[in-house]
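A.B. asks: Copied straight from TrEMBL:
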BINDING   143, 144, 159, 166, 167, 168  substrate binding site
COMPBIAS  1-15  compositional bias 'Polar residues'
REGION    1-31  region 'Disordered'
């Protein structure tokens, strides 16, 4: 047999793959107990202000839903510089009753504008070292556009309306409280 014949004999062999798994006698296919369209899941707004380190995984897990195909996240972290100065950490303070109320309003506004399922807003208070998260916002929705737009709206509105103050701690041991220029409640001194 020549090498050409060997090659062509390899192509002439039939390989049969099963089109479906073999059926076991006396067994029947049973569909899942509930139709996915009939599943009722209550939407949640999860808001947390904490001095503990924030976890992207923890926050994103809170908004997962079998009804949703998108989870969008915003993670704000401490960067190591500001206006040519070396930043070593940020310190956050908030007027909690008003801050929580304003974040709830933001969540309500989001639900009026976009079809989203779950919203989580976690903000760290106290010292936040360089590269650590100071805020994590997560939103789930059936489609990506709604969650992406909702997350963008959430961070922009939070910065403008929520009474949270940030102090930058610089390497040369000076520090400076920063007023959020977008904030409507900040007054010009």
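Along the chain as shown, residues are numbered 1 onward.
Every residue gets a Cβ built from N, Cα and C, even glycine.
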A.B. asks: If you draw a 10 Å sphere on the Cβ of residue 143 (substrate binding site), how many other Cβ atoms land inside?
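C.D. replies: Its Cβ shell of radius 10 Å holds 12 other Cβ atoms.
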A.B. asks: Select one residue from 144, 166: among these binding-site residues, choose the one with the most other Cβ atoms within 10 Å of its Cβ.
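C.D. replies: Going through 144, 166 one by one, the largest Cβ count within 10 Å is at 166.
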A.B. asks: Tally every other Cβ atom lying within 10 Å of the Cβ atom of residue 167 (substrate binding site).
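C.D. replies: Counting Cβ neighbours of residue 167 (substrate binding site) within 10 Å gives 14.
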A.B. asks: Applying a 10 Å Cβ distance cut-off over all chains shown, what neighbour count does residue 159 (substrate binding site) have?
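C.D. replies: Other Cβ atoms within 10 Å of residue 159 (substrate binding site): 15.
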A.B. asks: Residue 168 (substrate binding site) has how many other Cβ neighbours within 10 Å of its own Cβ?
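C.D. replies: I get 19 for this one.
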